[in-house]
Amino acid sequence: CLLRQVHQHLNALYWRRERDSSLRPVTNHIFKTTLNALRHATLSDSVTEEITGCFQQEPIKELKLYKIASELLQTERAYVTRLHLLDQVFCAKLTEEAGKGTFPVEVVKGIFSNVGSIYTFHSQFLLPDLETRMSQWDSTPRIGDILAQLAPFLRMYAEYVKNFDSAMDLLKQWMERSAQLNAIIQDIQSQEVCGNLTLQHHMLEPVQRVPRYEMLLKDYLKKLPEDDPDRSQAEKSLNIISMAATHSNTAIRKMENLKKLMEIYEMLGGEEDIVNPSNELIKEGQILKLAARNTSSMERYLFLFNNMLLYCVPKFSLVGQRFTVRTRVGVEGMKVLETSNDDYPHTFQVSGKERTLELQASSEQDKEDWIKAFQKTIEIFQQKNESFKSASKEVVDEVSVSRKSNLELGKRAPRWIRDNEVTMCMKCKEPFNPLTRRRHHCRACGYVVCYKCSDYKASLRYDGNKLNKVCKDCYFILTGRVDAEEPVSGKKRGILEIEAAQVSGNSFLCGFLQYSTDRTKPCQRVWCVIPQHDALVLYLYGAPQDVKAQCTIPLLGYQVEDVQRSVDHPPSSFRLRQSKSVHYFTADTEEVKLRWLRVICKAVIGEMPECQTPDVGPSNNSEHTSNTQNTLATT
């Protein structure tokens, strides 16, 4: 009993020392003398250790609790000062000016909501109670009971947080409309009491305050002993404050999003009206855009929002406007898919009603990140719109995107077939040449056609119903007219009139090879396809999007041979021989050559080949090479 009394007196002395540093030398001497006396007393070791630990540890725990409570009081004083600025300065002066009829009083009420009630609660109730408790901390070291009693009143923040977005919009709107309102706000903001911060920043303080209470109270409970009488009250108040903090955190995220939108607005030179609480930035970054007519790449910058994509061109400026918006593509009806390009890796395609873009990322990971961001944005947008109740998750290849159904024709921008992907008009099948038959693009379907097949114009909905150059087929579909020169239906197509894109999408193997029938003549680069529906025939096209094959080679009965290495025929060459017919091929690499040989060696003996993947794992290369060489010898 005596030891407990000694401990209580020392504990009280300890807290006096923490508040008055001049007592430190005296109290340190008292603590040291008392502990030495206890160590020499006729007490058991366990009792001595327990008492010594009590003197050493309990003051440390209580000091941490005191510091948390002290921080709560200090931040509360600063917060009440901010509330005074909002209610008694900003709101009061604007209300006074509104009384003169300069602008409606309802505008001021709409901006500040119930900030007056919040100020009254904190300045007249919570802050005085905290100050009283901290002055009596020696006898009543707790704050949970105060917060439990007053925490229910924090529900008044729900109205302020709910009104926060509309308050920001209203403030922005009237600062532009009313010169007097703007002048008053600017005048107050220039004063020292504002600390060079805007009214918007100060209005965010009440939104941030409740999460601050939650954080301090969680820290307080961590330091509070399990059997402390203040624990139940502290936990009760934490539950109430956490519910209010959830609404505040949502408002904080919206405010941060609005701040980011303002930054983007300035980077775009104020040309795009994107500062809207409903707009949310999903992803932004540099990217390369592949040209529609050829495969040249151009540096671009994308801003992906929850409802649109801004496709921008960088400007060489360190300050002010940094980007020019080239196109705005709506997420509604947008599609994204991965594409393959031999010259440019990491490509993907974004197709919207306004425009179709083929883009190149900096790496495979960057491409995956962009595709995931687009897919997630599209999925969320579709879920929020009743007209898009179910998102289509079917795998759509690059060719199917370019072939729009009649219902979609003209409603969304097509993906242009590039000039180097065709060697002939995709309608009349006549070969192109640089003088008399040049390439043109249909603005409705994206096909490359000749001048005769593109000598038509029709209005396209995706381009604001402006007249655009279209091909003959699209013209009659869009206008509803009948082609008097249309051939009789049911006419059989020739064996070569099979589109390259159609068979490439369902093939055992396809790709570019150098081809020649005479070793003395230069090779021609052709697009070769062995389709799944005709596995014993090799189709040769001028380009991947040609609508007609140059020729076909029935593979059954041919001999497959390696070509003797020479200057004209590198190690990646091989030939097909049958009687006097000889066809020479050269692949880009020996690995590509082996893939072709694995398929062809099966086809020449009448067996069904296996589909070949673009890449062959290094661990299997030697095995594949050995098997192919054995097959070559047999063949």
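Residue numbers in this text run from 1 along the chain shown.
Using N, Cα and C of the backbone, Cβ positions are placed for all residues, glycine too.
Annotation source TrEMBL lists compositional bias 'Polar residues' at 618-635.
Across the domain 'DH' (64-251), mean pLDDT in this model comes to 89. What TrEMBL records for 64-251 is domain 'DH'.
The feature domain 'PH' is assigned by TrEMBL to 280-379 (among others).
Residues or ranges marked as domain 'FYVE-type' by TrEMBL: 419-479. Note on the domain 'FYVE-type' (419-479): DSSP counts are 14 helix, 18 strand, 29 coil.
Taken from TrEMBL, the feature domain 'PH' covers 506-605 (among others).
Taken from TrEMBL, the feature region 'Disordered' covers 612-635.
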Helix, strand and coil totals (DSSP H, G, I; E, B; other) for the domain 'PH' (506-605): 14 helix, 43 strand, 43 coil
